[in-house]
Amino acid sequence: MAEIRMEGLVKTYPGGTERATDDVSLDVADGEFVVLLGPSGCGKTTLLRMLAGLEFPDAGKITIGGEDVTYRAPQDRNLSMVFQSYAVFPHRTVRANIGFGLAMRKVPAAQIAQKVAWAAELLQLTPYLDRYPAKLSGGQRQRVAVARAIVMDADVLLMDEPLSNLDALLRLSFRAELKKIVQDLGTTTVYVTHDQGEALSLGDRVAVMRTGRIVQLGDPLEVYDRPADTFVGGFLGSPPMNFLPATVHDGQLSVAGHARPAPAHLQGHSGDLVVGVRAEHIGISGINDTDGTNGIEARVDVVEPTGSAVLLTTSVGAGPGPAVLKVSAPPTFRARPGDTVRLDLAPDALRYYDAETQLALEP
Amino acid sequence: MPGPTAGRATGSAPSRIPSVVWLVGPSVLLMALLFGWPMIAGIVQAFAGPEGFTLAHVERMVADPYFWPSVRNTLLLIVVLIPLQFALALAMALLLRTNPRFGGLYFYVWAIPLAVSDLAAGLVWLAVLTDRGYLNSVLAGLGLTPVPWLAFDNPVSLFVAVLVAELWRATALVLVIVVAGLQGIPKDYEEAAAVFGAGPWQRLRHVLLPLLRPSLQVALILRTILAFQTFAVAQALTGQNFPLLVGETYRWYTILQNENVAAALALVVLLLSMLTSVIYLRTLRQAQT
Ligand SMILES: Nc1ncnc2c1ncn2[C@@H]1O[C@H](COP(=O)(O)OP(=O)(O)O)[C@@H](O)[C@H]1O
Ligand SMILES: [Mg+2]
């Protein structure tokens, strides 16, 4: 067990023009589960590989448990890792795969056997211990990779998109198992994914990355609820956050042709901005259901029942470029394309972003 | 039984000849003509006398004073040469795998001997090692006494000369096979091994070599069979001073003009090659399971 400190990590691959990671600093506390989340190519794997020692940074420093390991070889770092490709050795049985790290560290055979049996039991691999990986399904190979990583008693556990090669159902069920296993182990964990659902459900904290930088770091609900910029809001959530152009003038906020008093921290503001709102925070009612005029009229374009909700794609305001809003309505809500509905944007559900920088305008 | 070719109806009764015959037939025919028939002819020749079957040729072959030395030399060469070649080729291939600068260039330079005919290679080494060759010129230039490397009464230096020349000439084949094999092994496995605590030697022993086994197996069989056939290099360097089995076959056929004994010798080479191949396949397969 150990804490990780990354300071100003810069890495440009030979022949590359862009920095794969650009001055990344991140502290992971002892026993913490941090998720690196970001779109493909944003530098998550590079960061993880530098932690593992498979890649050395051009600048910056990595300490694990207080020791500077920036340029230390992988085998001297006492970590374990689940690779995206699993990298389960095809020439070794499941048993020998799981015990590989322990055997390399010259652990006595009896102890290895005991640990392998424990991990195999935990990951339901006991019937397959004497098989070769070629005779396993993808999900089983995945489990072998995880079992191989957790028997190690390593200081740090690294995982690179470990669930990305599983089918949707398996991914969901294994996600919960993984969470429980890692919680019980209590190992400091860095987990890489491009799947925002995984990030939110697994992490103690989530670091959202974009083009080699960490753009927001926080606990999952905070990152989801208060995205630091429009990129994070647009990347997290399914559907992602809605963004609408808006203006502030004389203390009045006008969104989609609907004016209301601007919130306190925007009173001094004047000009264009962007309003963000989550689909499930938008109230919706039929046009004739309420007498109030306290809502925005919108036209329904697409209706997608998802079972637990009805996802509506609506357009607000006429004119050349109507704003599109995704609205998550209760599953009982009935609407047909072409209907007009009334949307209610509750003031405390709205987030405000600078129109130029796309950064949050926080109170 | 409707096979995959059943749809290709010709109007007449459907052909009863399965497609496998068409696929394998030509190569079987070619093998029979070019390998099977000469082999049978050779076997017949080795045992054919005026009154039918005879062991006279075999007896004559064994009685020849050069026979046992040539068997011993051939085996000795293989036992020393092959491990050296594999160690060298593996080291070179692993160096190339680290992606050094100009790695592609090194590979081509190292592979050049593959394109040099073995007689030419033998003549090149003769020019180096002969009494007034390059090596002795250099020695003389340094003020040292020249050494008669290829003298008939110096069997150790004869052996070393053939060994070095063969090492230079034929290691490239192993290198090419090993490099190709290594390219088929994703870096992930080594990286995973490193993360799980394996140092460079452990990675080689526990990950790379086992994954390379099929390539090594091919290279080993190929190289051993070819080493049994070592001829031109030794012939150019040593004449008859360092007799090898194929050299003896050649001598019986051309100089002594005895086709029957030559055929018997060729048969010995064939049997030895087959025996070692079978042993390799057996032992390497057993190790796998
Ligand atoms: N071995 C490499 N050589 C050159 N460029 C690379 C290499 N690996 C990754 N990159 C580049 O570095 C950037 C970050 O890649 P990566 O860390 O793999 O992203 P992610 O894991 O977030 O998808 C990408 O632009 C990618 O093209
Ligand atoms: Mg990646």
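All positions are counted from 1 along the displayed chain.
Backbone N, Cα and C define each Cβ position, glycine as well.
Annotated features, as they stand in TrEMBL:
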- B:71-280: domain 'ABC transmembrane type-1' (DOMAIN)
- B:20-40: transmembrane segment (TRANSMEM)
- B:75-95: transmembrane segment (TRANSMEM)
- B:107-127: transmembrane segment (TRANSMEM)
- B:158-182: transmembrane segment (TRANSMEM)
- B:220-242: transmembrane segment (TRANSMEM)
- B:262-281: transmembrane segment (TRANSMEM)
Please figure out which one of B:20-40, B:75-95, B:220-242, B:262-281 racks up the most CB pairs under 8 Å against the transmembrane segment (B:158-182).
B:75-95
Check the transmembrane segment (B:75-95) against each of B:107-127, B:220-242, B:262-281 and return whichever range has the most CB pairs under 8 Å.
B:220-242
Residue list, the transmembrane segment (B:262-281) vs rest of chain: Cβ under 8 Å, 6 or more residues beyond ends.
39, 42-43, 45-47, 57-58, 61, 71, 74, 217, 220-221, 224-225, 228-229, 245-246, 248-250, 252-253
I need to check the long-range neighbours of the transmembrane segment (B:220-242): which residues 6 or more away from its ends have a CB within less than 8 Å of a CB in the stretch?
66, 73-74, 77-78, 81-82, 85-86, 117-119, 121-123, 125-126, 129, 150, 152, 155, 158-159, 161-162, 165-166, 169-170, 173-174, 177, 250-251, 269, 272-273, 276-277, 280-281, 284
Within-chain partners of the transmembrane segment (B:107-127) [C-beta distance under 8 Å, separation at least 6 from its ends]:
92, 96, 133-134, 150, 161, 164-165, 168-173, 175-176, 179, 231-237
